Amino acid sequence: MSTPLSQPAAASSSATHVTTKIAAKSDNNLVWLDMEMTGLSPENDRIIEVAMVVTDSELNVLAEGPVLVIHQPDEILDGMDAWNKGTHGRSGLIDKVKASTTTEAQAEADLLDFLKKWVPKSKSPMCGNSICQDRRFMARYMPKLEAYFHYRNLDVSTLKELCKRWQPAIAKGFIKRQQHTAYADIVESIEELRYYRQHFIRDVPQTPEAEALASSVAP
């Protein structure tokens, strides 16, 4: 049974993490990440919030990492488009960004410290929804953190797009809450992958033919 996720307090200048299940560091652990940004362009926009959660390979939550709000100057915040100003204003994130003293470098160091407790370097793919976008920002503003992940991504949006095309009725069964905060978006991504695993990716009984084929290609 999956361990439920509970909302950890957002951090502004120092990071803490909440361990929800006693478990060991493992090559098979999955690291989930989400960022909120001022826009879509790493060249012009900046990171304003980042959160991290670790699960095992069965999507059971092992640890909830720091939720970090990153300070950005007013000129960066004033440059946001109407959608971002409205979304991050309603969530209260803009006010938190203005009050925060955490820099991108401090956030990167805190996240790396947390990550190293749960997975070795280059073992976990970066997990999330449309995670390539987060990775672009991370490569620019938190390159040491980006380099700690495996080069592969585990992108739930891939299954979303396949499900919409192959099993549209199943795709309609998962309704996103669209909260647009880093931690809430991670929770939703994990829940979404659990949903696809249960309803879209079916466990098929192993046939003798399949077992023979697997044995023939095994190293």
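The backbone N, Cα and C atoms fix where each Cβ goes, glycine too.
Per Swiss-Prot, the features are:
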- 30-193: domain 'Exonuclease' (DOMAIN)
- Y151: active site (ACT_SITE)
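Confidence for the domain 'Exonuclease' (30-193), expressed as mean pLDDT, is 97.
In the three-state DSSP classification, Y151 (active site) falls within coil.
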